[in-house]
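TrEMBL lists 20-38, 44-66, 87-110, 116-134, 155-181, 193-213, 252-270, 282-301, 310-327, 339-360, 385-403, 423-441 with the feature transmembrane segment.
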């Protein structure tokens, strides 16, 4: 019964969490490039867009360096609610109320006093992004704390991925609807963007509340080992000596950089290349459908094929999607490519999530110290690094190819489209292939190996206590 409660509550939390991540990763950039500085001339707008996106990139890089320290603070938390849930609830409230203010021009300050605006924006974004880091690490760190069983983790992670898939795609469906409604027309304005961000922020908080009140951490002789007195140095040792965590991370960071760029550029592709922003909602519906089918099928696929074959097959499917993206420039074939892309992407993430969760016990066996949050912090670090690089690229490339403000798709030249597609599709095709090769050659931790590790840990710890 508790497994089902954990899964439902965690899935609802993931729904809100990924909805919120979507506005940070994609829609904040669209607001910056299209609305934030639209009152100035073209040169001023291009200049300020580049600076603002670079600020976001630098903040994200600084924050990801702090992730292990944040993970350490969470690891040392000891409350009657457990280690993770207080952080999830508290940070969820702050983000829900504070994040909409990123989607403003600060009463016109963005064009009236650019220097002051940049200072205030930097302070606000840095503060909110640190809060987001605490929530992200504590949310995903909760997964291995709810169960030691790979099967149970897979069950709960499936629920989480269903929630995150729907949450991440529902804003694509609602994007134009909500912005048109709150803007009063199809010409989106600042008020529309603020209300859009407020709704997503509050949805994120409701999901956080479900997770905080509906899940339960499971204590055992394995999870209780070395949880109270662990140092920063021990955390870095845990991460640094965990070779499987290292290889899985390298594979994913190369693969994920490409997909992060593609995801960030896709809205620009529909608006400025395909001239089909009104068709953008179909990407959301397609993502919900294919993502749901993909995740629902994961337990069946894992039972008969195992994680390794799922990962390789999914990455090959991503390669096929990129090939179609590269050789087409119409909505119908783009949606076909998107179908393959959204079928495979969630499965890759599932394998990554569960492999890193299993690396907690792998690292514990190698070092003698268990660090759930710090190990789980690696996956958000990878996503944040890729997100930081993507943010910088998006702002710069959008400016270079003229995809800023309310310019028409007809004004984008063939050369600009080629440059855009090079970053959006051609480079990600290469990174996907490289990531797959690294995974095939170096990642060995699977379900069978993890079960053997858990049994050995339990046996060794019980033997130590009996001595």
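Backbone N, Cα and C atoms are what each Cβ position is placed from, and that goes for glycine too.
Curation does not apply to TrEMBL; its annotations are automatic.
Below 8 angstroms of C-beta separation, residues 44-45, 48-49, 52-53, 56, 95, 99, 102-103, 105, 110-111, 129, 132, 167-168, 171-172, 175, 188-190, 193, 196-197, 200-201, 203-204, 260, 263-264, 267-268, 387, 390-391, 394-395, 398-399, 403-406 of the same chain, each at least six residues beyond the ends of the transmembrane segment (20-38), sit close to that stretch. A contact links the transmembrane segment (116-134) to the transmembrane segment (44-66), because at least 3 Cβ pairs that are 6 or more residues apart lie under 8 A.
Remote same-chain partners of the transmembrane segment (423-441), defined as residues 6 or more beyond its termini with a Cβ less than 8 Å from a stretch Cβ, comprise 247-248, 250-252, 254-259, 261-262, 265-266, 269, 311-312, 315-316, 318-319, 322-323, 325-326, 393, 397. Outside the transmembrane segment (252-270) by six or more residues, the chain places 25-26, 29-30, 276-277, 279-280, 283, 315, 318, 322, 325, 331, 334, 341, 345, 348, 352, 379, 382-383, 385-387, 389-391, 393-394, 397-398, 403, 420, 423-425, 427-432, 434-436, 438 with a CB less than 8 A from a CB of the stretch. Two recorded stretches are said to be in contact when at least 3 C-beta pairs lie under 8 angstroms, sequence spacing 6 or more; the transmembrane segment (193-213) and the transmembrane segment (385-403) fall short of this definition. Taking every listed stretch (44-66, 155-181, 310-327) in turn, the largest tally of C-beta pairs under 8 A with the transmembrane segment (339-360) is reached by 310-327.
Contact check: the transmembrane segment (385-403) against the transmembrane segment (282-301) gives fewer than three Cβ pairs closer than 8 Å, residues 6 or more apart, which falls short of the contact criterion. Remote same-chain partners of the transmembrane segment (44-66), defined as residues 6 or more beyond its termini with a Cβ less than 8 Å from a stretch Cβ, comprise 28-29, 32-33, 36-38, 110-111, 114, 118, 121-122, 125-126, 129-130, 133, 380-381, 384-385, 387-389, 391-392, 394-396, 398-399, 404-405. Beyond the transmembrane segment (282-301), the same-chain residues lying 6 or more positions past its ends with a Cβ under 8 Å from any Cβ of the stretch are 154-155, 158, 161-162, 165-166, 168-175, 266, 270, 310, 331, 335, 338-339, 342-347, 350.
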